[in-house]
Structures are given as C-alpha cells and as structure tokens.
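Engineer: Annotation source Swiss-Prot lists Mg(2+) binding site at ASP8, GLU58.
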Amino acid sequence: MIVGIGIDLIELKRIEAAFARQPRFPGRVLTSYEQDQMAQLAPNRQIEYLAGRFAAKEAFAKAKGTGIGAGLSWHDIEIRTEGSGKPYIVVNDDSARVHLSITHSKEYAAAQVVIET
C-alpha cells in the first residue's frame, strides 16, 4: 500500500550559488559516502549530483510527511546507486519500501519518491 508520495524540483543555478557562497554546503546535505562519490565526478557533473541528491532527500521528506527538520536530517537519508545506475534510498531505522527516481536537465534536477508499507 502506498503511504506517501513526494516530488521535488530544484534549479541547478540555486545549488551552484549555494555551493559558491558556502563551500561546506555539500557536507551539510550529503553523507560521507555521498561526498566521496561526488568528489570522483568531473566538476561540471558535481552540481548535477548535488542537486539530484538534494531533490531526492527533499522528495523523501515530503513523502514521509515530515520535511527536513528536528525528526529527519539530511544525513539520515543516503542515496546510493545500484550497478545498473538505478538510485535507491538508505534510511536509518526505516522498514518501508522506498522507490526513487532522479532526473537532470541542463537547468533542473528533479526527484520523485514513493513509499510503500
């Protein structure tokens, strides 16, 4: 049974500006694993990666109905990738099935999350 659906759309320019203003921004949003993955990418792909992960975490928080805040932090949600390239979410202390889709364009990143019991 579907218990939550969330979607998020972010402009790459907003993420790029946040990163330029605050070089520690990725560390606030990404887990250590995600930061290591981002560091392996070419500079032009790093903003896409960061924006995609940002959108995925926002979409998950919306699907949970909590948002990012006191009960759910950026670091509680980790985005990993299967060998096929399909992204998936790892969440601390959560037994629900989570489906994730992330997409990028030249100007935007978007993510959709569906949570099932």
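Any Cβ shown, glycine's included, is placed from N, Cα and C.
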Engineer: Which number gives the other C-beta atoms within 10 angstroms of the C-beta of GLU58 (Mg(2+) binding site), all protein chains shown included?
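Structural biologist: Neighbour count, Cβ to Cβ under the 10 Å cut-off: 22.
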Engineer: So if I draw a 10 Å sphere around the Cβ of ASP8 (Mg(2+) binding site), how many other Cβ atoms end up inside it?
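Structural biologist: Cβ-Cβ neighbours of ASP8 (Mg(2+) binding site) within 10 Å number 21.
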Engineer: Give the three-state DSSP assignment (helix, strand or coil) for ASP8 (Mg(2+) binding site).
Structural biologist: strand
